[in-house]
């Protein structure tokens, strides 16, 4: 049996060589729990004649990763093998790697196809010695296996299909792409990112330093005009943006409804559904940046639009295909008046925007005046019971998890862009609230701060601090470093502001908007991990206080950095007349007095003198991919489970929450039997008798935390979020009562985004093939009442809904 080495030579397979390589990579890992010889044995069992050493490394990494549920150190070993393999296949020198990418020639066409921009290449060549010497390749070994594989699959640049970048090369490329010839800032950004304090968003990591550096994540498009020309111009804009890896939110409030008269052709309109099917096919066809991600459009509609019922059906799994557009995402832009009519069981009038114009262009009292005027004039196409439309909204949410719920009046009332005009939609992920018009496509550049990194061990200086902490057992010896958070927030603000200037804009309307208003979006990841490291249950008073303190710090120091930029560069173009220009900050709009942790009086004084460089600053986004890269839980969400399965080339295996695994291993409680119990309980430890109660509280999953608390925490940080937040709602078995009371709770709390996705769990358990049932003791029988899951008929659902509206407190107490 032979292997093929990287230089093409053949060599007999030596078990000892494989073992020696794995032992070398096991430095610092627990020899009691992590056995490289066992991994080597499993690898040898999978060897075949002619296997390459690179493939052997891949198999070894997957084998070690599959053993992670035995001990956390196997995850570290898996990552080290994978990273070491990449290092063997790539050049060490950053500048040499950049040279290879710059002089890249397409092997099919024979044409020069540089992967690096000319100016970035020149800067790197001029500063090659300094940049090369700053890179610390050992930091690549700090990624966990799945984080590294995510980078390798989608983020590291490839030549002829082969990855040529190392993670550290990518981070330096991104830093140079943002800061260009400001080498001191390049190096500062590189070190902060490579030490995992924060990360820029996926499009920035994909494209920084390349010939077309499209670094923005979010685009908000307004339908240009209610005409064939306007619709197709908007469609083209969406396609061009999607090509460049941007997610899109598009508002369609102004498109005339079904049956509306078309003067130009003396015909009648087909409404929004056939149009949205065309947008649906465009989203499918144009993926984000050459197959990286499928195009994604969220469509926003106000509930007074006469096609709203058809709109709510578009994502459902049943029904006629010509009435469905399942690849789009749907969102409602809800005025307060609609919520009041539902609450009071009033009537609701549906209009065609062609016959009742202007409703999308106003909010608050002005909207109510115009809406009731049209009602009195008899312009409604249809009048329905508001609760009946609400019922259809809930039906769609229970079936599909959408539409998203955003409150139009809160979004406008609490926006620093309200001086520009009425804001008509959010973005794909519901955290960006920006003004759009036919001539302005709103854009946002994002970055997220990795909160677990700021949990520090007392008395340990920063330069000798471990890069990653795990588990809650040492929480008494830890604290949260707000000073470092302040410093990193300032750097992130400066970076995102620079991106506005160096960015490649796929459409001119996007450049116009971004240059005028200069909004940015700073988010977080790993809030749940930070709570665990500090030994705080997610819903504890301590966690709720830390949640406020973190976001107060981020908002304060983002504003401070922005006003310092304005002192040098001037305020953004449309600053005059904005709430901030009048001294009104986000906490003022929520009637909240900030703590005295930071000196707000001094900040207000600075702003009154200098203005601010950016109209908007804070927007906690979902961080789906980047949190996986850094090994953190998503954004500000609780853990959804303590155990989940991963599929890789060699099969499927179980992964356990690294903090829980760390704690249980240190306590000597982790056994194959306990693992089986955890799988059988769907990742919950609440019913596992061996685990102490204090750990059960810390590791409660989102299904065991009251959603009311999740909403309270969203509102607590809301007064420091000048955009919005991607707030998912998790409900085990959603019914109309729980959903209604929850939506009304988010509305009354003043949230801008009431709900991103509704996440629910199936009532029936899937068969767990990975559970060794012999290890499980007999479970107590389920209560008879739970066995008979009856179909609730429509009358029952309506009764529940009405009950929750009339008795909101009682209904919320029942556990939504």
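Even glycines carry a Cβ here, placed using N, Cα and C.
What Swiss-Prot records for 1-92 is domain 'ATP-cone'. Taken as a whole, the domain 'ATP-cone' (1-92) shows an average pLDDT of 88 in this prediction.
Proximity of residue 15 (ATP binding site) to non-local residues of its own chain (separation of 6 or more, Cβ distance below 8 Å) is seen for 40, 41, 44, given in sequence order. In three-state terms derived from DSSP, residue 15 (ATP binding site) belongs to a helical segment. Residues or ranges marked as ATP binding site by Swiss-Prot: 5, 6, 11, 12, 13, 14, 15, 16, 17, 53, 57.
Residues annotated as GDP binding site in Swiss-Prot: 202, 217, 427, 431, 623, 624, 625, 626. Under the DSSP three-state reduction, residue 623 (GDP binding site) is assigned to coil, being neither helix nor strand. Residue density at residue 623 (GDP binding site): 30 other Cβ atoms are found within 10 A of its Cβ, drawing on all protein chains shown.
Within the same chain, residues at least six positions away from residue 218 (site 'Important for hydrogen atom transfer') with a Cβ under 8 Å of its Cβ are 246, 247, 249, 427, 428, 429, 432, 442, 443, 444, 446, 521. The feature site 'Important for hydrogen atom transfer' is assigned by Swiss-Prot to 218 (among others).
Annotation source Swiss-Prot lists dTTP binding site at 226, 227, 228, 243, 256, 263, 264, citing similarity to another entry. Secondary structure at residue 228 (dTTP binding site), taken from DSSP and collapsed to helix, strand or coil, is helix. Here the Cβ of residue 228 (dTTP binding site) has 12 other Cβ atoms within 10 Å, regardless of which shown protein chain they belong to.
A simple way to gauge crowding: the CB of residue 427 (GDP binding site) has 31 other CB atoms within 10 angstroms, across all the protein chains here. Residue 427 (GDP binding site) carries neither a helix nor a strand DSSP state and counts as coil. Swiss-Prot lists 427 (among others) with the feature active site, proton acceptor.
Among the features that Swiss-Prot reports, active site, cysteine radical intermediate is placed at 429, with the record citing similarity to another entry.
According to Swiss-Prot, the feature active site, proton acceptor maps to 431 (among others).
Taken from Swiss-Prot, the feature site 'Important for hydrogen atom transfer' covers 444 (among others), and the record attributes it to similarity to another entry.
According to Swiss-Prot, the feature site 'Interacts with thioredoxin/glutaredoxin' maps to 811 (among others), an assignment based on similarity to another entry.
Annotated site 'Interacts with thioredoxin/glutaredoxin' per Swiss-Prot: 814 (among others), in sequence order, evidence recorded as similarity to another entry.
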Cα-Cα distance, maximum over 202, 217, 427, 431, 623, 624, 625, 626, record's GDP binders, Å: 19
Cβ neighbour count within 10 Å of residue 429 (active site, cysteine radical intermediate): 29
Those binding-site residues listed as 11, 57, 226, 431, and which of them has the most Cβ atoms within 10 Å of its own Cβ: 431
For the domain 'ATP-cone' (1-92), residues assigned helix / strand / coil by DSSP: 51 helix, 8 strand, 33 coil
Least surrounded among the binding-site residues, given as 202, 217, 227, 625, 626, when other CB atoms within 10 Å are counted: 227
Cα distance (Å, whole number) from residue 243 (dTTP binding site) to residue 13 (ATP binding site): 46
Fewest other Cβ within 10 angstroms of its own Cβ, chosen from the binding-site residues 243, 263: 263
Residues that sit under 8 angstroms from residue 624 (GDP binding site) by C-beta distance, when 6+ apart in the chain: 634
Alpha-carbon spacing, residue 17 (ATP binding site) to residue 243 (dTTP binding site), which is rounded to whole Å: 47
